[in-house]
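Structure, as structure tokens:
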Amino acid sequence: MSKPVIAIVGRPNVGKSTIFNRIVGERVAIVEDRPGVTRDRIYSHGEWLNREFNVIDTGGIEIGDEPLLVQMRAQAELAIKEADVIIFIVNGREGVTAADQEVAKLLFRSKKPVVLGVNKIDHPDMQEELYEFYSLGIGDPIPISGAHGLGLGDLLDACVEHFPEDEGDDYDEDTIRISLIGRPNVGKSSLVNAMLGEERVIVSNIPGTTRDAIDTAFSRDDQEYVLIDTAGMRKRGKVYESTEKYSVLRSLKAIERSDVVLVVLNGEEGIIEQDKKIAGYAHEAGRAIIIVVNKWDAVEKDDKTLHRFQQKIRDEFQFLDYAPVLFVSAKTKQRLQHVLPAVKKVSENHNLRVPTHVLNDLVMDAVAMNPTPTDHGKRLKINYVTQVAVGPPTFVFFVNDPELMHFSYARFLENRLRDTFEFEGTPIKIIARKKND
């Protein structure tokens with residue numbers, strides 16, 4: 001199930017970014033220790049009343065015919081289209097402006113739930129400033145202060161009331177859900193069409209749980225698959241595709257509903273920062289991952305080209321060192337026959353369980369090979385380890401002091417797990433917990 005999406009809209013300089021930062025709080029900070037994982041700070045996650053959601057800051061909506069204003073407005077409309085709930089921010093000190101009225105008309109036409117936040121109400125004496133905003137026809141204005149963090153609980157309470165019901169995908173648990181993600185023009189839709197055409201399979205289009213998403217179900221060699229949000233890959237227009245944060249928004253919804261993510265790169269153009277950002281979202285979500293280099297037929301090659309590109313991927317995607325790499329061409333069907341077998345394999349690895357006794361024997365051998373670290377004379381002691389989850393495989397190490405589990409030693413333990421078991425294509429989570437917890 002994809003998380004609900006809140007879009008924050010309003011004219012420029014009403015405090016949208018401040019509200020955004022208040023809602024997401026420290027979640028904007030990067031918590032991944034490995035190099036290369038970056039996050040677009042215009043887009044982040046939040047949680048309120050035990051409901052997780054995604055939130056996006058749209059930038060200011062201005063009325064005018066200048067090309068930049070037209071593009072900004074179009075981008076905001078796209079965010080509104082993707083949102084489940086809209087927070088409309090206005091400036092309580094300036095009152096209702098003509099621009100506010102135009103934004104209100106835009107929101108009214110969208111027929112989406114709208115929560116009206118009147119910002120910069122920094123003192124109880126300013127409550128009377130609210131009444132004017134009833135004229136926008138949006139509903140009850142909620143007084144807030146982004147600067148002081150006032151009223152945000154009421155704002156989020158109202159948003160949660162409009163969240164859609166938490167419904168899961170109605171697919172059999174043995175069905176492998178696949179999403180293709182990547183920046184514009186890497187050939188995602190061409191890959192989808194080539195994969196479906198190549199396999200000569202029975203194909204059916206199924207409405208996804210995300211609004212206007214269409215999933216494509218098919219089977220191959222007695223394995224059921226679903227390609228998530230194929231409509232999203234095919235329908236985007238130029239404005240949508242040229243705006244990183246909105247294509248990322250759609251990709252994140254697809255990632256959340258997937259078991260396996262194909263990170264698609266353009267072999268002709270090489271690797272850019274946006275590729276790393278998009279791949280980072282799949283890694284952070286804990287999905288099984290395959291890196292697919294498309295358009296390989298168009299690359300001029302010598303006998304070292306493949307090796308150089310592989311090394312470039314390993315250098316740029318150090319946080320995806322577990323992901324297999326496939327070089328394919330949607331146009332010529334080159335190596336496409338390897339994609340689905342790789343998907344099936346990494347899905348199996350993503351759900352692999354290791355018996356507890358085997359796990360503990362491995363850890364004892366690892367500690368004998370490389371003793372646990374010490375800090376100020378105190379040594380980390382691993383009492384025992386158990387696997388608590390799959391998808392991704394998650395291991396809890398019960399220790400004397402979790403603070404002593406340095407990142408480098410956790411990495412060593414992960415590498416020992418990978419050397420021993422089939423974990424290609426899947427991230428691994430290692431959690432240190434005090435023995436008595």
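The backbone N, Cα and C atoms fix where each Cβ goes, glycine too.
What Swiss-Prot records for 4-167 is domain 'EngA-type G 1'.
Neighbour list (I121 (GTP 1 binding site), Cβ cut-off 8 Å, at least 6 residues apart, same chain): G92, Q127, E129, L130, P143, I144, S145, L150, G151. According to DSSP, I121 (GTP 1 binding site) is assigned to coil rather than to any helix or strand. Among the features that Swiss-Prot reports, GTP 1 binding site is placed at 10-17, 57-61, 119-122, with the record citing sequence analysis.
Under the heading domain 'EngA-type G 2', Swiss-Prot lists 176-351.
With a 10 A radius on its CB, G182 (GTP 2 binding site) counts 24 other CB atoms from all the protein chains. Under the heading GTP 2 binding site, Swiss-Prot lists 182-189, 229-233, 294-297.
What Swiss-Prot records for 352-436 is domain 'KH-like'.
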Students should find that the Cβ of N185 (GTP 2 binding site) has, within 10 Å, a number of other Cβ atoms equal to 11
N13 (GTP 1 binding site) to W296 (GTP 2 binding site), Cα to Cα, whole Å, comes out at 46
How many Å separate the Cα atoms of T58 (GTP 1 binding site) and G182 (GTP 2 binding site)? 21
Ranked by how many other Cβ atoms lie within 10 Å of their Cβ, the binding-site residues N13, T58 are led by T58
Structural state census, the domain 'KH-like' (352-436) (DSSP three-state): 31 helix, 24 strand, 30 coil
K16 (GTP 1 binding site) and N185 (GTP 2 binding site), Cα-Cα, nearest whole angstrom: 31
K188 (GTP 2 binding site) sits from K16 (GTP 1 binding site) (Cα to Cα, rounded, in Å) at a distance of 33
